[in-house]
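I have placed the structure first, in the form of structure tokens, so that the comments after it can refer back to it.
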């Protein structure tokens, strides 16, 4: 019986978009199940002394990332627009994702948010954008309020603590048992690892 | 007619080892020729405010890199030992590589140096280690002295200026016409790009 892959993603992360759009199909093809784990990179970057995305702080690396994303999205037939501002504030989206997870709808909600950001050029910190994603994921509108509950806030904070404990330093990251894989480039290797369990 | 891929590598770079050991076979399979371009990352990192390898400065990223290298080398049947110290000082090796390039032997010399470092646990800043690599690459020993000539020193300095001009921020990097590809993970994409020219 194949295992499970934990998919740690941050809504503002460009390479998390790549993985979010393909992980379920790729994993299920190998009998692997996916556990969606939203978290915030901000506190992890801040602990490293970074005040913004490394793609903003290191200009050459940032220029390269935008071109790399353009090429990869073209190869995969994915739309790609550069978010403005970048990085976007993914706090509300991450809290909503945890609520959607309780309802078993985190995958479609997450894909809707990434598509809003990178395909439709929406700002994912805006309530009306998130409400549209919520709706698109087939979630009942009266559940949205749970994102503001203390319990949900605490759950997202705990995700951040788990991420640090797991040794995460970027997104997307994948955990298969005790193995950490970093980046969309390692998704297939991580799935193969889970499939071999 | 397929094109050329420029292979920019740094001797202290773990992921450059991965590419150095496979680039010629992979490129030639697609009719692509390889231009070997040694350079030093130190000045590029220093310009970003880094006093050492990012794998030393950012502990979680460093821990991950060593495990990632272990897994990748195991998959590829490559030996892998963690160099001590890390990063190694690749200055002499890089100058020698430029001399070896004049003699048309940069590829075997470079592979010999990477193998000495990562397979045989040698310190590649030591003259006797480099002399053995020189010999293994079939180079005449009386040419080694050229590495200390002002012309060679200036040539390596110019490599660094070219690297900055090309927007390089890490190694290995690949240039195909105006396209930059970063990391061993992009080698196949870079070769496909060159093959399509």
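We count from 1, first residue shown onward.
Note: Cβ is positioned from N, Cα and C throughout, glycine not excepted.
If you look up TrEMBL, you'll see A:13 marked as active site, nucleophile. TrEMBL lists A:4-189 with the feature domain 'DSBA-like thioredoxin'.
Per-residue confidence over the domain 'DSBA-like thioredoxin' (A:4-189) averages out at a pLDDT of 97. Neighbours of the residue listed as 'active site, nucleophile', defined as other CB atoms within 10 A of its CB across all chains, total 23.
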